[in-house]
Structures are given as C-alpha cells and as structure tokens.
Amino acid sequence: MRLTHTVHQAVAASTESTGGLADNVTFCPHSLFSLKPLVKPSMEALLEEVQRVGYVNKPVAEDIDLVAEINRLKKEKNAVILAHYYVDGAIQDIADYIGDSLGLSQQAAATPADMIVFCGVHFMGETAKILSPEKKVVIPDLNAGCSLADSAPADKFAAFKAQYPDHIVLSYINCSAEIKALSDIIVTSSNALKIVESLPKDQKIIFAPDANLGRFVSKKTGRDMVLWDGACIVHIDISLEKLHKLRVDYPEAKFIAHPECQEHILSEADFVGSTTALLKYVVDSPEQTFIVGTEAGILHKMKQAVPHKKIIPAPATQNNTCACSECPYMKMNTMEKVYNAMLYEQPEIIVPEVVRLKAYESVARMLELSK
C-alpha cells in the first residue's frame with residue numbers, strides 16, 4: 001500500500017525537469033572518450049518501474065567509479081546525503097552526515113541543499129519531507145520499511161488513542177507520517193527521557209510504537225504509561241543465551257545496548273543508550289573490549305573511531321552470515337541504488353500536505369524540546 005500510494009503521488013508531483021528525464025537522449029558521463037548516447041526512460045515509464053519494484057532498477061556499469069559519480073551528482077544537483085548508522089559502511093563513507101534519528105532530523109530541517117538523499121528507511125525519508133517540504137527527498141529503495149512503523153497501522157492506532165482521551169501521545173520517531181500526525185510529541189531514543197521528564201507529573205501518557213523503549217523510559221522516569229505493543233525485529237532478536245556465552249569468552253568486555261532491546265537483555269547491560277550514545281561510550285571509555293547490542297552497522301563507525309579497540313556485535317538468536325543483528329531493511333540501501341536515486345531523482349517521498357502539517361507539529365515540538 002505504501003509503495004503504490006507514494007508512487008502515484010509522485011506521478012502527480014513530478015515535472016518534466018525531474019532528474020533530467022525530459023530529454024530522451026543524453027551522453028554517457030562515465031567515459032571521457034565515449035559519445036555513445038544513453039537513452040533514458042520517460043518519466044511515466046520510470047515511475048511505473050518504481051511502482052513495480054520499489055526502486056530505480058537500471059543497470060550500473062561495472063567499471064564506473066560510484067564514489068566519484070555520486071560526488072559529481074551531489075555537486076550538480078546541490079544534494080545532501082544523509083545516512084543512518086545502520087546502513088552499509090560504504091554508504092556511510094560517502095554521506096555528508098551520519099547519525100541517529102534525532103541528528104538526522106535536525107540535519108534535514110537545517111540543510112540548504114535542494115535535494116535530500118536519505119539512506120535509511122521509509123519513515124526517515126518521510127520525516128525529512130515533513131520538516132523540509134520545499135525540498136525533493138529521495139530514498140534508494142521504497143521497500144526499506146521498518147517493523148516498528150509497520151506495527152502501528154494508523155486506523156488501529158487512532159482507535160487505540162480514542163480509548164484514552166485524557167492522555168497525550170508520545171510516539172517514537174520510528175513510525176509513519178500518519179502516526180506522527182496523530183501524536184502530540186515525537187521522541188527518539190536520544191531524547192525520550194528528557195522529554196518525558198519535562199512533562200507535568202500528573203500528565204497521562206500514551207507511548208508508541210516501541211513497547212521496549214516505553215518500558216525502559218517508564219522504569220527510568222517512574223512514569224506510568226500506556227504502551228502500544230510494537231517492537232523492532234532486530235533488537236528483539238538478540239540472544240540472551242549466546243550473549244552469556246560471549247561474555248564468558250570475553251569477561252573483560254563491557255556490554256552496551258540500545259533501549260529497543262528487551263528488558264532481559266537491558267538488565268545485562270553495563271550501559272544503555274541511543275546509537276549515538278553507544279558510539280560516544282565506546283570512544284570515551286578507557287575499556288578496550290565491547291559487546292554492542294544494536295544493529296551491526298554502527299560497528300563501522302566505532303571501528304573507524306577507535307581502531308585499536310575490540311568491538312563485538314551482540315549475537316542474534318537466528319543463525320546468519322554475520323553472527324550479529326542486522327536490519328534487512330537498512331541493508332536494502334546499496335551504492336548502486338543510491339547512485340540511481342540521485343541520477344533519476346526517484347523514488348521520491350511524497351507526504352500529503354494535510355498529513356504533513358499535523359505531523360510537523362509533533363516533530364517540531366520534539367526539536368524544540370531537544371535544544
């Protein structure tokens with residue numbers, strides 16, 4: 001539903017100048033010696049393709065320098081690349097800003113760029129569009145969803161909210177634009193404690209959609225909150241049994257965890273914090289060995305920051321190639337998709353204005369309370 005909805009809106013919003021697609025023929029930019037014409041698809045055909053598969057499914061020549069081409073397109077289109085810590089390391093390395101949801105939101109609101117290329121998941125692109133409606137926002141793959149966002153359908157959440165008319169709604173940023181529009185304040189794992197503590201003690205609260213983060217905040221603040229029962233598939237897959245075995249192998253290691261983890265995992269942690277807070281802890285700590293309980297993409301930045309320290313991903317319950325917790329949605333972002341998204345300026349994120357205006361209020365309150 002999200003894929004069709006977004007692309008149909010993109011058809012209506014697109015102009016012939018989008019992505020240079022008004023011209024049927026251009027010249028291949030990948031060779032100084034070739035004047036071979038490169039036929040580009042019409043906008044209609046391109047949008048039909050994006051609707052069908054979720055991304056620009058065009059072959060990328062094996063011999064092109066993707067980093068150089070992406071940097072060229074950034075300058076040519078006055079684009080900025082925002083990337084979450086959980087995407088592949090190669091994408092992090094070409095990003096203009098890497099961060100967690102709070103930092104990325106702040107960057108999206110402040111950037112002077114004409115186009116935002118958001119390397120993350122769908123709700124992040126929506127948040128950027130909510131904050132910067134005048135800018136074009138593209139993401140590499142519309143299929144890059146989020147289990148947390150998907151756990152809270154707008155119609156069911158609206159009915160849930162109606163049961164508690166005297167409660168305000170705090171929603172974790174990992175939710176759809178429609179849920180943001182139904183919320184009073186958006187929070188992230190970086191600022192949830194601060195925002196809850198800023199509210200009057202007698203204020204009743206609904207917290208959605210992550211029940212694990214909600215329980216963590218409730219325990220830390222002593223506030224009784226009504227929780228929506230959602231969870232992140234990555235963080236709930238960390239194995240306690242395998243973690244215990246790993247701690248036997250590395251008794252000196254500090255175990256650090258994201259508050260989206262389940263309570264029995266958090267109770268084992270030496271430190272609990274947002275992705276940015278976990279990175280800071282590893283950098284600042286005098287300790288040399290760490291087991292990291294969050295999506296394994298953050299290890300790329302940790303290892304760059306402190307290459308002399310040993311960084312170990314917390315093990316997942318299910319066996320996989322990395323013996324760690326990986327988000328399948330974040331890994332849908334590839335360098336080839338980033339390149340095509342910039343070249344063709346698709347898939348574009350479109351948020352209906354009536355939804356955007358309501359969602360903006362809750363996101364803006366978050367940014368104000370985070371100062």
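Each residue, glycine too, has its Cβ placed from N, Cα and C.
Remember, TrEMBL labels are computer predictions, not curated facts.
For reference, TrEMBL has these:
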{"type": "BINDING", "residues": "H84, S101, Y172, I173, N174, S189, H258, P259, E260, T275", "note": "iminosuccinate binding site"}
{"type": "BINDING", "residues": "C146, C232, C327", "note": "[4Fe-4S] cluster binding site"}
Distance from E260 (iminosuccinate binding site) back to C232 ([4Fe-4S] cluster binding site), taken between C-alpha atoms, in Å: 7
CB-centroid shell, 8 A cutoff, [4Fe-4S] cluster site C146, C232, C327, site residues removed: V121, S147, L148, N174, I233, V234, H235, E295, Y329, M330
Those residues of the chain, 6+ apart, with a Cβ under 8 Å from that of E260 (iminosuccinate binding site): L148, S189, D210, N212, L213, A231, C232, V234, H235, I236, T294
Long-range Cβ environment of C146 ([4Fe-4S] cluster binding site), under 8 Å and at least 6 residues apart: V121, H122, F123, N174, C232, Y329
Cβ atoms near N174 (iminosuccinate binding site) (within 10 Å, other residues, all chains): 28
Close in space, distant in sequence - H84 (iminosuccinate binding site), Cβ under 8 Å, 6 or more apart: I98, G99, D100, S101, L104, C119, G120, V121, M124, G297, M330
Spatial separation of C327 ([4Fe-4S] cluster binding site) from Y172 (iminosuccinate binding site) - C-alpha basis, Å: 18
